[in-house]
């Protein structure tokens, strides 16, 4: 009998935890995302969608800018997870690579700009705690973390763009 009671309590407990998690999302990140999406869309309407598109096209014309400056601006200004919406200004074939470069940069930016991804600040703070314990300055660590992140997002963006291009060509060949 105790076993059945334990199973029943565990079963209900699973749904209670799910409900608590859901309420955390409903009262936490979901309203923030709705407000952020509304603010970004309003800003785009205020500036003008054509102007924003022209700026994005200039900023993404060259692969170096497309996978360094553009994701940096997205993560810095819109923070994680809203930064991925910058991909809407790119052609479909470049969206996977932009996402890959942006997602690889949400941790490295936290050393100098913790507002960009505060929920994941523990990654940087874990390393920083060890550096602080050694009596070393955190400035060089934060700068190196950022610079390595820029290099990584460039590499990931380029590799993903090449892979996406090959997959699209293979799909087009199979369809034809």
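Yeah, the Cβs are placed from backbone N, Cα and C, and that goes for glycine too.
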Per TrEMBL, the range holding transmembrane segment, considering 64-87, 88-111: 64-87
Cβ contacts under 8 Å made by the transmembrane segment (22-44) with residues that lie 6+ beyond its boundaries: 52, 78-79, 81-82, 85
